[in-house]
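**Student:** Before anything else, here's the structure in question.
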Amino acid sequence: MSFGQGGGGPFGGPPRDGGGTAGGQSGPFGAFGPFGGAPRGPGDDGDRGPGGPFGGGGSSAARGRGRPGRPSALVLTIIAVAVLVGLFVVFTNVYTDVLWFSQLGFTEVFWTEVLAKGALFLIAGLGMALAVWLAIRTAWRHRPADASAAARDSLSQVQRQLEPIRRLVFLGVPLVLGVFAGSTAMNGWNTVLLFLNQVPYGQADPEFGLDLMFFMATLPFLTLVVGYLISVVLVSGITGLLVHYLYGAVRVEEGGGVRITPAARAHIGITLAVFLLLQGVNFWLNRYRTTQSQTGNWAGALYTDVNAVIPTSAILAVTAVIVAGLFVWTVVSGRWRLSLIGTAVLVITALVVGTAYPFIVQEYQVKPSERTLESQYIERNIAMTREAYGLDDVEVTNYEGATDTEAGALAGEEANTANVRLMDPNLISQTFGQLQQFRPYYSFPTTLHVDRYEVDGQTRDTILAARDVNVDDSQSWVNRHTIYTHGYGMVVADASEVAAGGRPQWLLSEIPTRGPLASDQDYEPRIYFGHNSPSYSVVGAPEGAPAVERDRPQTADSQEDTAYTFSGDGGPSVGNLFNRLAYAVKFGSPELVLSSDVNEASQILYDRDPAERVRKVAPYLTVDTAPYPAIVDGRVQWIVDAYTTSDQFPYSTAQQLGEVTVDSLSQGQNPALQGRVNYIRNSVKATVDAYDGSVSLYAWDDQDPLLQAWQNVYPSSLRPYSEMSAGLLDHVRYPEDMFKVQRELLGRYHVTDADDFYENNDAWSVPSDPTREEDVKQPPYYMTLQMPGQDEPAFSLTSSYIPQITDGAQQRNVLYGFLSAAGDAGTGEDGVKAEGYGQLRLLELPRSTTVPGPGQAQANFDSNADVSRELNLLRQGASEVLNGNMITLPVAGGILYVQPVYVRSSGGTTYPTLRKVLVSFGDKVGFADTLQEALDQVFDGDSGAVTPEEKQAEAPAPGEKPTAPGTVEEELSAALEEAQDALTQGQERLAEGDWAGYGEQQKRLNEALKRATAADDALGGDAPAQEQAPAEASPAPSSSPSPTPSG
């Protein structure tokens, strides 16, 4: 087959037909080039215009016959309006984002992402569109001289139907594909920025000797680029082939043969050559990807990968390049034979060398001697996994695991026994709500937070929560977005000490807030930014305007509320009409334009969840799901942990975050961490001010290469941790989600010997939560703890291990390990991090241990006859017994379990109160009203332990609610509550004809009313004067709307 006679050689133009002069040299690349001259149609009959797919064609009459009717003016108007509305919606989203980031001071983050995405969209979109357009142009310009005659009848009909809209299609298809390619490429903006700003890791991989950052930054970028180029070549090649086929340059003969014109052959040959070159590059990159594989029991390149897959990938890469050269030879010679043979050889090589050979090596060489051959690669997996997850410096201690008890055994364990957490943050949320909510427009989270504070010179573990705003969606727009805008105050209880009646011992409570910890005068109590804040609030007013925001009750028992006006800089201004219109479109709220409550001084607060705010200003970070509030330097600050992560670290085992971070407390909660990682660092500590929403990002792990790369991208968004105040450092703790990831991996990777790791006979599991019926992991617990060998106690995050749970095997629920992470970062100095922060300590018990695990300890509790009898008594009167968190403590050479037992009476206004404490050491069980008594039962009558100061009054009889609160206000509330309950139960007994029961309830009613009267007298006369409200607060107008609680 010949390429024609226009200019000689493969790029010469084909002969013209009828009326042409010389042939095929008008373009710089001859007939094949996109700018080469096209053959003219026969004569000047107007069937086709001059060369190029966009030239005019045919007579005016012919064009007139093919032209469709014009759309009506109404249709054009509707289309124009729809387009304008769509563009305005897009504009408002971008414009409001600019306002939001600008107000926070993070415009660098916004514009960097926008410019990166925009550049990728343009580059990738134009690249795809240009390639497809050139393919279409080339194929159309070099169609046969009589395309209609060359094509079959069916294709001729398609040509005629396409002709009126041919120019639109030939332009539209490249544009649509370009937009799609550009939109897809935008998702790789962070990959590109990381590649361009990477810094060396400083450690080489064990197989190729390349810096580890090559695998985390360079290899993903190269994969992205090669994948994009392959897509471009494939899409443009297929598009060009379709046009060639449509216009007869590629024809399938009736006998089964295929005829291709020289120009089409050149086009297809060069496309295939480029495609194979890119495949060769892809094969070469596959060599490096073997170090990131996650197949089998171990991660990374194993024996078969190193000795079969990597060499064969190199062979396939060279073969692909050679076959690409054969396709170039096809273009030059016009012969397909060699290129087709080369393609067959490549396919066979891929099947035999790329697939069969590694399979044979694995099955017949590796499997019979797997332990020996894989040993060095397992060592790589162990070392690199421990490096990637920060497990390379775990302090391991062999622990005796004693089970025998004797008097005085806990005499030297004051640091642990004095800080035992008896308040369960998962159970007492309802207690917080009943005793400290005060208004239906306030709420507390389901699970409370754990932190520590210094009170009277001593550091105490505490249970705490912010009193957040809670407004029902059924409320009016004014109520939801301008009246109920914020919560009020922190509520803090001692984690170890218990008040009378089994209720929390408050360190900060009431409204106005007061207590040993602080008062309203010591910090700004208003919570405008929290977990439960409305989607947006409009706040602020001109100077002198009346306050409209519902602030707080004047006192805890007052029916009158104060009003308040936000005075900070917390959100973009909506003081002008354009901004109001933009936000009205963004939130679908025309009230922002129409309401008189929006004025020239108004600000709009939105994206108010602390984790979401950090996620927006630091899109390169994975944000922890458990931000917690702390009073820091006179402000409530949400402390948020954030991580740099990667799934490209060589030889490291990957984890699905959504699976390993789920436990009995986080199950079913959103948002949960998502994605797969095999590298993680707690590189950033962030704070979000609860009053004005300001965000600060601190580079916590400034040695992390990933964080250093992102600091190059965003040089002004991160601050050094040396700028953290001493007060903030005192409340930093070890991050919970990262600890969950680490404890999961350490269950296998505490084994560092390759042979033992291969046998997998010492793998551990995180125990199931013994207080739950379903099989779900026990959560880690924060507590102040002094580990064996530790110089002084530290606020730590802890978890335990039992032997690995395997399907079909009998579970042995004994304790194999205990893990703690030191969380004290403060030193009392600004910007100075404690040296021991983050140290992981692992206690390993003997494999022959009989120390029960948490599940077995719970079973021992449940099967104890004395415990069962006492619990049955507590269940009388329709009361519900609730098991609190199972605390595990390494003391006296063994393991001590402590579990608080709560009782909750039936009824919607009751709450759990601590009634008993369960304790076990070895197989001995103690069950008493106080921790001290329970310990003494276990340790032969005198444990020698120092426990928290007892502040419990005599507990009520079983079935009764506690009636001895710690403050006058609580006394009144509890007395009225019990009076209401006695009245209700008395009526029920009367209806049943139970006169004796009715008489008992009448006695309860009279006693409760006496206590209520006494408390009311105390409030009216001898009670301490209420603190004055802040100067800016004033009584709320009586006409202020009342909220409906959201339940």
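Even glycines carry a Cβ here, placed using N, Cα and C.
Swiss-Prot lists these features:
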type	residues	note
COMPBIAS	1-27	compositional bias 'Gly residues'
REGION	1-66	region 'Disordered'
COMPBIAS	49-59	compositional bias 'Gly residues'
TRANSMEM	71-91	transmembrane segment
TRANSMEM	114-134	transmembrane segment
TRANSMEM	168-188	transmembrane segment
TRANSMEM	214-234	transmembrane segment
TRANSMEM	266-286	transmembrane segment
TRANSMEM	314-334	transmembrane segment
TRANSMEM	341-361	transmembrane segment
REGION	544-568	region 'Disordered'
COMPBIAS	555-565	compositional bias 'Polar residues'
REGION	941-965	region 'Disordered'
REGION	1007-1047	region 'Disordered'
COMPBIAS	1015-1037	compositional bias 'Low complexity'
COMPBIAS	1038-1047	compositional bias 'Pro residues'
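How buried are the listed features, and what sits near them?
**Tutor:** Remote same-chain residues near the transmembrane segment (71-91) are listed as 585 (criterion: CB distance under 8 Å, separation of at least six residues from the stretch ends).
Cβ atoms under 8 Å from those of the transmembrane segment (114-134) belong to residues 34, 94, 170-171, 173-175, 177-186, 188-189, 192-193, 228, 231-233, 235-236, 239 of the same chain, restricted to positions at least 6 beyond its ends.
Long-range contacts of the transmembrane segment (314-334) within the same chain: residues 1-3, 10, 262, 265-266, 269-270, 272-277, 279-281, 283-284, 287, 341-343, 345-346, 349-350, 353-354, each at least 6 residues beyond the stretch ends and with a Cβ under 8 Å from a Cβ of the stretch.
Non-local neighbours of the transmembrane segment (341-361) in the same chain are 276, 303-305, 307-309, 312-313, 315-316, 319-320, 322-323, 326-327; each lies 6+ residues outside the stretch with a CB under 8 Å from one of its CB atoms.
Taken residue by residue, the compositional bias 'Polar residues' (555-565) breaks down under DSSP into 0 helix, 4 strand, 7 coil.
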**Student:** Hey, which bits of the same chain come close to the transmembrane segment (266-286), Cβ under 8 Å, at least six residues off its ends?
**Tutor:** 3, 10-11, 32, 135, 138-139, 142, 219, 222-223, 226, 229-230, 233-234, 236-237, 240-241, 244, 250, 260, 309, 313-314, 316-321, 323-325, 327-328, 330-331, 339, 346
